[in-house]
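Report on the structure given below.
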Amino acid sequence: MTTTLAQWLAAQPVDPKLASVVASMAAASIDIAAELRTASIAGHTGLAGQTNVQGEAQKALDVISNDIVLKHIEQNPEISILVSEELDEAVTFDNGGAYLVATDPLDGSSNLDVNVTVGTIFSVLPSAGGLLQTGRAQLAAGYAAYGPATSLVLTFGTSVAVFTLNQNGEFVLTADNPRIPEASAEYAINTARERFWDEPTRRYVTENVAGETGSAGKRYNMRWVGSMVADIHRIMMRGGIFLYPLDSETVSKGGRLRLLYEANPMALLMQAAGGRSTTGRLDILDVVPTDIHQRVPVILGSAKEVARVEGLYRSLD
Ligand code: P6P
């Protein structure tokens with residue numbers, strides 16, 4: 001017997017108004033998935049000729065996806081604040097809504113031209129807490145992965161549910177409470193950045209490459225898609241660790257990935273599935289934001305691997 005997203009949301013012990021926020025982001029992801037399926041036919045994967053707050057060239061689909069999210073957010077009176085990677089400033093709605101949504105409408109869009117899995121990431125917080133709350137304040141988090149299937153992965157903080165978009169355009173439950181294995185032998189890092197790495201990162205990767213011949217004592221495999229949602233979903237479904245650590249090139253910006261709408265939601269999802277997250281020195285969920293587009297180092301996934309990295313930071317700092 002299949003469980004639809006609507007049925008699953010109705011059964012969750014949360015405020016129905018909070019559930020409606022998640023439903024709005026799920027509906028937006030269905031519309032975004034439809035856009036992506038035919039983007040190259042419509043010629044949408046080219047540059048939009050604009051740049052976002054980070055000065056990155058916006059692909060047409062970044063803008064289109066953000067517009068789709070904005071449309072669904074505007075239609076939900078429970079949401080009074082939107083923070084988006086594609087918008088310089090937060091958008092507020094005079095509707096008294098209790099919730100804030102922070103989102104990366106289309107993460108990994110540089111992969112669109114080559115048909116690699118990309119995604120939408122979102123975080124839900126109480127709007128009363130303002131724009132700069134730690135990840136511990138999150139009430140819900142999720143991502144959509146636009147791949148061979150369109151997956152939607154959600155948490156209200158204590159467990160994770162995975163949905164798949166069916167032929168009728170409806171999300172149905174396909175994995176209930178997946179657990180990330182504590183141990184893993186698969187790591188994800190962009191090894192082309194080795195010359196920028198700090199010593200803990202370098203030591204961690206060196207031990208993994210040495211495999212069973214070194215101190216790690218087992219053989220490791222490496223995967224790097226270059227699309228956070230794709231790499232995280234693999235870890236969600238079979239374990240592993242994802243690293244985008246602070247390095248000598250990103251240190252001036254505080255890191256590469258954004259705290260409010262990439263690191264925090266993924267950290268909550270990892271924790272809810274039995275995984276862990278860290279900047280190397282601090283649990284990501286404890287980082288106090290100073291800016292809505294703040295960047296942080298991101299290391300997350302299987303608990304024992306994350307602990308190993310933290311141990312290297314403690315011993316080598
Ligand atoms: P690099 C995509 O641009 C992104 O923000 C994440 O989705 C991805 O994990 C990372 O950047 C890839 O970075 O340096 O390997 O291109």
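Glycine residues also receive a Cβ, built from the backbone N, Cα and C atoms like all the rest.
Heads up, TrEMBL stuff is auto-annotated, nobody curated it.
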According to TrEMBL, which candidate in GLU249, GLU262, GLU305 joins ASP104, ASP107 at the Mg(2+) 2 site = GLU262
Remark   = Joining ASP104, LEU106 at the Mg(2+) 1 site recorded in TrEMBL, out of GLU78, GLU85, GLU86, is GLU85
Request  = From the binding-site residues listed here (SER110, ASN190, GLU262), select those whose CB sits under 6 A from an atom of ligand 1.
outcome  = SER110, ASN190
Query = Over the domain 'Fructose-1-6-bisphosphatase class 1 C-terminal' (180-313), what does the predicted model average in pLDDT?
reply = 97
Query = Looking at the binding-site residues GLU85, GLU262, which one has the fewest other Cβ atoms within 10 Å of its own Cβ?
reply = GLU85
Fewest other C-beta atoms within 10 angstroms, as judged across ASP104, LEU106, ASP107, SER109, ASN190, which are the binding-site residues = ASN190
Request  = Starting from the Cα of GLU262 (Mg(2+) 2 binding site), work out which of the binding-site residues (LEU106, GLY108, SER109, SER110, ASN190) are within 10 Å.
outcome  = none
Inquiry  = From the DSSP assignment alone, can you count helix, strand and coil residues within the domain 'Fructose-1-6-bisphosphatase class 1 C-terminal' (180-313)?
reply    = 63 helix, 20 strand, 51 coil
